[in-house]
Structures are given as C-alpha cells and as structure tokens.
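Since the structure comes first, as structure tokens, the remarks are kept for the end.
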Amino acid sequence: MHPLLNPLLLALGLMALLLTTVIALTCLGGFASPGPVPPSTALRELIEELVNITQNQKAPLCNGSMVWSINLTAGMYCAALESLINVSGCSAIEKTQRMLSGFCPHKVSAGQFSSLHVRDTKIEVAQFVKDLLLHLKKLFREGQFN
C-alpha cells in the first residue's frame, strides 16, 4: 500500500465517524427536548404574574383603563383575554395577555366579544386583575387546571 494512503484513509474514517456522531446526537436530541407545559404549571405561572401585577402597583394600573367584567365560571380564559386585549399601551399586562392566550383554544383579537362578558358592567383593569387572581387561586386549590 502507498505510504500516503494510510493517513488519508484514517482522516476520512475519522470524519465519517464524527459526522455519524453529530447526526445521531441531533436525532436523539429531539427525545430530550421539553414537552408542553403541564396545565398546573401554566396556571401557577399565571397566578404568579397576576400577584406581581397587583403587588407592584405604584400608579393606577393601565392608567385606570376600564374593561368589561366577565363571567368567571366557564370559558373565562378566553373571556378574560378578550377583555384585556382591548387595553392598549399597557406593558404591565402584556405578559398576562400572552399567558391567557395559551389557555384559550382560539385566536382572540381586539374588538371581539364573548357572551361571557357582563356587557353592562365595566371595571378598572386593576379590579379585573384582582378578581381574576382570586378566582384562579380558588381553581388551583381545587385542582381545576383546565
């Protein structure tokens, strides 16, 4: 065999082994990737976010903006999002809006209204958030995560 052939074959063999290893690790990496967040964790995170909002109020939340009150018994995540999505220019509730959209099975857009709104009653965003927080804490204690 030619003396230069051995190092060349060795280098090609190592490159093939390295490429095989990279491909195998890439394929197996999908098995270790995180799955969907359990509903209990998502609800706990939403509760924590609402606690942060209510505790860190130095000025009126969202400049005292008003939202439609909602029925907190059924389909409340989408109804809450529908109310809050109509508040513009309030960075304090943006994370809450994103979190609520994770609980709502359909896309919600501004101006959309559900039958779950109590259409004759508007309340301040701060009171809305407090009411929602109390209700979510109750659901969490009762183990109702969906």
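Placement of Cβ uses the backbone N, Cα and C atoms for every residue, glycine included.
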In Swiss-Prot, C90 is disulphide-linked to which residue out of C62, C104? C62
Out of the recorded positions N52, C78, C104, give me the one sitting nearest to C90 (disulfide bond) by CA distance. N52
List the Cα distance (Å, whole number) between N71 (N-linked glycosylation site) and C78 (disulfide bond). 11
Would you identify the secondary structure of N52 (N-linked glycosylation site) according to DSSP, in three states? helix
